[in-house]
Amino acid sequence: MAAPAPSGAASAAASPSPLMQLPSPFAELVKGPSGLEKVVLRGARNCCAEIYLYGGQVTSWKNDNGEDLLFLSSKAIFKPPKAIRGGIPICFPQFGSHGNLEQHGFARNRFWTIDNNPPPLPLNPAIKAFVDLILKPSEEDLKIWPHSFEFRLRVALGPSGDLSLTSRIRNNNPDGRPFSYTFAYHTYFSVSDISEVRVEGLETMDYLDNLKAKERFTEQGDAIVFESEVDKVYLAAPSKIAIIDHEKKRTFVVTKEGLPDAVVWNPWDKKAKAMQDFGDAEYKSMLCVEPASVERPITLKPGEEWKGRLVLSAVPSSYCSGQLDPLKVLQG
């Protein structure tokens, strides 16, 4: 069934918005595949990021060498109502099947608009490349999830190439009703070889295993490595998680605020072959580590606002002969 677009979304999809709407001179609005509009942020040292208005979704984050640090499937479908496979889909107001809505909610397959006048949000003066987007429910959305909300998203490129996403969700229900939701930044990282990747920072954490009917377990071992399909929700995860890519000698540092959980997912070979918008062997070159709030839904009373933030950075790994100093990465 085609995803209904909020009011104003059709015009946003059909014709380019005036470039003057973008608050940063380091942001540009261009057409992507299927005519979908995207904002290109250009940071220092040739770093850049791309954000589609469809889904409010970051699909690219490149370092100063022009290397994309996010995974985007070669079979990604840029045609509504299909969600775009890769980058950073936003799961709201539901993560996964934790509720009665469609998988991962509807924010990732709605048209967002550029937010010309967002409420004040502190911004590091060194950050020049950013864009503010907003999503409000359409009448059709209100039929499937009967709550009035404003979802504001700021995507910014830092001076050192860090990528940050700041979400602000406000309850605008006029009748005094609270609402609850689950949420995730469904971040797809590009890796050299999944079998050569390890995740540190989640040792000894409890997790829900989605491959075992959400049964609860405790993580064993000193790091997470990958030899088969993984779909776990780590509970009360630390604010920093490290993804070490041995082959590229690179470490991704995931920093999260306002999001207690972390989802780790790789579909492996069998599930990869079953997905229409995913290459059969692409599971080898991606890993999802997703700051989230899954176990305990977030509840907002009318007028209340929640803020959640994700910061991604890529640093040279101190990996050498099988050793990494995780304290330097996780605490630095």
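Each Cβ is built from the backbone N, Cα and C atoms, and glycine gets one as well.
Automated prediction, rather than curation, is the source of TrEMBL annotations.
Going by TrEMBL, these are the annotated features:
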ACT_SITE  His186  active site
ACT_SITE  Glu290  active site
BINDING   Arg85, Gln103, Arg108  substrate binding site
(request) Using Cβ-Cβ distances, find the residues under 8 Å from Arg108 (substrate binding site) that belong to the same chain and are at least 6 apart in sequence, listing them in sequence order. (result) Gly55, Gly56, Gln57, Ala83, Ile84, Pro89, Ile90, Cys91, Phe92, His186
(message) Cα-Cα, whole number of Å: Glu290 (active site) versus Gln103 (substrate binding site)?
(response) 16
(request) Could you list the residues of the same chain, at least six apart in sequence, whose Cβ is under 8 A from the Cβ of Arg85 (substrate binding site)? (result) Leu72, Ser73, Lys75, Ala76, Ile77, Met275, Asp277, Phe278
(request) List nothing but the one residue from His186, Glu290 whose Cβ has the fewest other Cβ atoms within 10 Å; the candidates are the active-site residues. (result) His186
(request) Write out, in the order they occur in the sequence, the residues of the chain not among Arg85, Gln103, Arg108 that have a C-beta within 8 Å of the mean position of the C-beta atoms of the recorded substrate site. (result) Lys82, Ala83, Ile84, Pro89, Cys91, His104, Asn109, His186
(message) Could you state, as a whole number of Å, the largest distance between Cα atoms of any two of Arg85, Gln103, Arg108, the listed substrate binders?
(response) 13
